[in-house]
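Here's the structure, in structure tokens; my notes come after.
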Amino acid sequence: MISPDKQYETDTNLYNPSEIEKKWQSIWTENNLYKTDELTENSDKFYALSMFPYPSGNLHMGHVRNYVITDLIARFQRFKGKSVLHPMGWDAFGLPAENAAIERGISPSVWTKKNISHMKSQLKLLGLSVDWDREFATCDENYYIWTQYLFLELYKAGLVYQKESEVNWDPIDNTVLANEQVDSEGKSWRSGALVEKKLLKQWFLRITNYADELLKDLEKLDNWPERVKIMQDNWIGKSIGTNINFNINTNPEKKITVFTTRPDTLFGVTYLAISINHSLIKNISDQETIQDIENLKQYLKNNKNNELEKIGIKTSLIAINPVNSEPIPIWVASYVLDEYGTGAVMGVPAHDLRDFEFAKKNNIDIKHVIIKDKSEKTKELDEAYVENGYLINSNHFNGIANTIAKLKISEEGVNNGWAENKIQYRLRDWLISRQRYWGCPIPIVNCKKCGSVPLNQSELPVALPKDIDISANKINALGDNYNWINTTCPKCGIAAKKETDTMDTFMCSSWYFLRYPSSRCSTKPFEKIEINNWLPVDQYVGGVEHAILHLLYARFFTKALRDNELFEIDEPFKKLLTQGMVQSAAYKNNKTGKYISPSDINDLSNPTDPIDNSKLEVLFEKMSKSKYNGIDPESVIKKYGADTARMFILFKAPPEKDLEWGDSDVEGQFRFLSRIWKLYISCSKDINSKSKSYPNKEKTLIKSMNIAIKEITNDISNNQFNTAISELMKFYNSLSNNINDVNNNLKIDALKTFCILLAPFAPHISEEIWLLIGFKNSVHLEHWPSFNAEALKEDSYVLVIQVNGKVRDKININNEMNEDQIKELTLKRPNILKWTQDKEIRKIIIVKGKIMNIVV
């Protein structure tokens, strides 16, 4: 039972959110109101989770939107009687924390913990129904010991390996990036630096072992946004095709392999294109060609962020087409990627847009091998023909539909040994090595005798050294820490060195959702029974920018750990909501390209640059310090209260759409809550006194109350929070118009129902008005109301009246009227008499509730 020591003063009509919210947050904490219920056999569970934040030090409005959405869903499910797990933690490792700590000359650990403390206090201001007893940070030793444990589990399963590889190197952050962390312009997703290529020995996870399952199981994710599934589908990039082996004429034992999905065009190949680093290049002896290739390498390096020109360098190498033994020149081309397929592609200019452009530019032959219609005569092509059709100039395959020829040519190649059916993926193994201090150490020892040796699980954790040297704008790498790096080999016992790379931070976030159900377990990363009971996450909320990073890695981890028999689930997240960005007005001078702070603008209704008086363009863009359009959540809460901030965030736009910040809209929600406050203050003064009741008013209120219950329940269930608040407003209008003219039982029932419906959206004021109308326990311990279908039935309906099938009138008919009464009422109406008077009525057909047809 919750009975606060201090009740809010009810002798004022002024709504004071700061006092109300502070009071109730304290009560919730004291009473441990949001502690997760233990699951029983009869429990109906709901696991609600927001993507956990990186502790940057301050909440921004994007955070607020994410956590308020999840909190609303968690509260709603709790009202519906479910055992709810709604935890929070911190994604605490990574370069931003290390760089920020270096700037301040302090340890990343100190910096991170300070930020966590501040952000936690900010989150609590929002009134989130979080079970804080389950909180952890990924930089805690008692968390990353289990990240290391799971690394070793994956190692034992053959999913971890080390190899020398050309990697993406960030020259600003001095670390390796996974392919997914390099944007379309070739820049680091963190620092924005142009990414370089570097050869290093690195640790990888075999995510490609699960490529097919990751792709196929997207079909199971019915409650994921389609665009996220498409992004993952494209990233995995399954291609079903054929590897074709071309002999090299100067060396019959040497072959070049090309992957293609179009073996039907093999007779149209007029050149092969290879990448700048293809192994065949070492067979080129002409110095001029070698220099041209070096120049091309430099061009590609310098223009990673620009649209590349399709440059080609003809070599002296000649391949032999296996289908007709024709010689084919080999070119080095700027558009061929080392990392995709075999680093070589066949050029079919007649039937590929890119190849056509390349051939025209470099005077390469164009050979037409597919026509649209069998009767069509061949002619010189003005553009590539890329549709289906029939083969020509293809020996014994002439006249065959190209879709059939694909299979036949491929089959002939397989039978004759120059082709192999192949499934290929764009997805590459996950590179997890990072060359920085602030990350989870890799539990491997490097021994001169035994090589790379995994530690025994009993030797975990490999803790980060605390005696770090912060100087020269960097934290010395783990390899420079003599006291830390030196150890003994767990296999042979001789002197050895610890692995000095740390893990990609996505290693920590790929399993954190598995830790919450048993976050205090000290003997293993999680209890199998708890995972099988609580997982998958029923509702996951976070940004779409994580579609091909965190979300893909988390799915991989789940499947890999399932195969290690650590639990039985296949997918981690049942339902995914990707919220839109929070945007705010930014003022841009298009002449200078600079953004101007609103505080420097005299008149925001007609904004001009205070320096050159140029008219400023007003743009709604993602909140950012550089654009001077950030809104501090704490200042909004201080001025209007957390409930107002929550209501605005939930009302302004559907959750998956971008939200435009508007002060007037925030004030509108504050006024709405103030009106609710005044109504309940007024009602509380005579809550038990009998007032005169009016049946029509009672009927109206009962109906609006049941409509609200039905619509708000459906809207929250479908993540339509903005329309749910619209229904709340309609119910409030009916409540305020009718509450003083209904019987006392209905009055209390309606006030009680409105309070419960409001509670997931505005949890603090709901607690206070719940007390005002005489209830002692927390409103958040109540059950969600059910609507009464009978109350939604209309007293009357509109009857359409036809004469000989043509509409002549409409009339409101009481539901209780029978057919004789309906006939008597309608046949007297002037609009009907006009068409029936002095005529014989042969038949009257009535479809009750809809239509009446008079046949004359």
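Keep in mind that glycine also has a Cβ here, set from the backbone N, Cα and C atoms.
Range 622-626 is the one annotated as motif ''KMSKS' region', of 2-6, 222-226, 237-241, 622-626 (source: Swiss-Prot). According to Swiss-Prot, the feature motif ''HIGH' region' maps to residues 53-63, out of the candidate ranges 53-63, 306-316, 658-668.
For the motif ''HIGH' region' (53-63), the residues of the chain that approach it from at least six positions outside its boundaries are 90-92, 94, 96-97, 112, 114-116, 118-119, 122-123, 137, 543, 581-582, 584, 622-623, 630-634, 649, 661, judged by C-beta separation under 8 angstroms. Residues 60-62, 581-584, 586, 595, 661 of the same chain lie 6 or more positions beyond the ends of the motif ''KMSKS' region' (622-626) yet place their CB under 8 Å from a CB of it. For the motif ''HIGH' region' (53-63), the mean pLDDT of the prediction comes to 91. Counting every protein chain shown, the number of other Cβ atoms lying within 10 Å of the Cβ of K625 (ATP binding site) is 8. DSSP labels the residues of the motif ''KMSKS' region' (622-626) in these numbers: 2 helix, 1 strand, 2 coil.
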